[in-house]
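According to Swiss-Prot, the protein carries these features:
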BINDING   D7, D9, D126  Mg(2+) binding site
BINDING   D7, R8, D9, D15, S16, D17, A18, Y19, T50, N51, Q52, S53, R100, K101  substrate binding site
ACT_SITE  D7  active site, nucleophile
ACT_SITE  D9  active site, proton donor
SITE      T50  site 'Stabilizes the phosphoryl group'
BINDING   C89, H91, C97, C99  Zn(2+) binding site
SITE      R100  site 'Contributes to substrate recognition'
SITE      K101  site 'Stabilizes the phosphoryl group'
Amino acid sequence: MKLLILDRDGVINYDSDAYIKTLEEWVPIPGSVDAIAQLSKAGWTVAVATNQSGIARGYYPLATLEAMHARLRALVAEQGGEVGHIVYCPHGPDEGCDCRKPKPGMLRAIAEHYQIGLEGVWFVGDSKGDLEAALAVGAQPVLVKTGKGERTLEKGVPETTLIFDDLAAIARELI
């Protein structure tokens, strides 16, 4: 199985320091939906692992998050692709859960879902927490310069991190 795991906000869609709280605020980064569809059509399983503490903070209900993910799935399907397993952490940063990145709980849940190990699997993110979660499970950390990626890069990243401009560049590399 060829598995690619993506963070959501800042990788697939535009991010906001004020959170993505409505379906209208969920706007794909140009090329990201096409990249997921192309990867899927080329035999890649594309899963998503996303921190969504806005739920715990009361900024939006679970139904809104599910609508965003349904929109993502529909947009990718329109281009002939498929989004695999989507996992999210609804907890706030002080709740002590095992799923909120940089903890690796969501990545482990994806591995369990697909019954595979994560050694060498690419986990694409735009933050230090994403890269740390990848390293915690032996996955390959991959940074995109979209979202918070440029700021993350300026602060320094683990030396094994692969760096790409965006998700479309990753698709070109892997296909």
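The backbone N, Cα and C atoms fix where each Cβ goes, and this holds for glycine too.
Swiss-Prot feature annotations superimposed on the structure.
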residue: D7; record: Mg(2+) binding site; Cβ neighbours (10 Å): 28
residue: D9; record: Mg(2+) binding site; Cβ neighbours (10 Å): 23
residue: S16; record: substrate binding site; Cβ neighbours (10 Å): 13
residue: A18; record: substrate binding site; Cβ neighbours (10 Å): 9
residue: T50; record: substrate binding site; Cβ neighbours (10 Å): 23
residue: H91; record: Zn(2+) binding site; Cβ neighbours (10 Å): 17
residue: C99; record: Zn(2+) binding site; Cβ neighbours (10 Å): 20
residue: R100; record: substrate binding site; Cβ neighbours (10 Å): 23
residue: K101; record: site 'Stabilizes the phosphoryl group'; Cβ neighbours (10 Å): 24
residue: D126; record: Mg(2+) binding site; Cβ neighbours (10 Å): 26
Query: Does anything in the same chain, at least 6 positions from C89 (Zn(2+) binding site), have a Cβ under 8 Å from its Cβ, and if so what?
result: T50, N51, Q52, S53, C97, C99, R100, K101, G105, M106
- prompt: Cα distance, S16 (substrate binding site) to D126 (Mg(2+) binding site), nearest Å?
  reply: 13
Message: I'm trying to understand the geometry here, so how far is the Cα atom of D9 (Mg(2+) binding site) from the Cα atom of A18 (substrate binding site), in Å to the nearest whole number?
response: 12
Task: Please name the residue among the binding-site residues Q52, C97 whose C-beta has the most neighbouring C-beta atoms within 10 angstroms.
output: Q52
- line: Integer Å value for the Cα distance linking A18 (substrate binding site) with H91 (Zn(2+) binding site) is 17
- prompt: Rounded to a whole number, what is the top Cα to Cα distance in Å among the residues the record ties to substrate, namely D7, R8, D9, D15, S16, D17, A18, Y19, T50, N51, Q52, S53, R100, K101?
  reply: 19
- prompt: If you measure H91 (Zn(2+) binding site) to S16 (substrate binding site) at Cα, how many Å is it?
  reply: 18
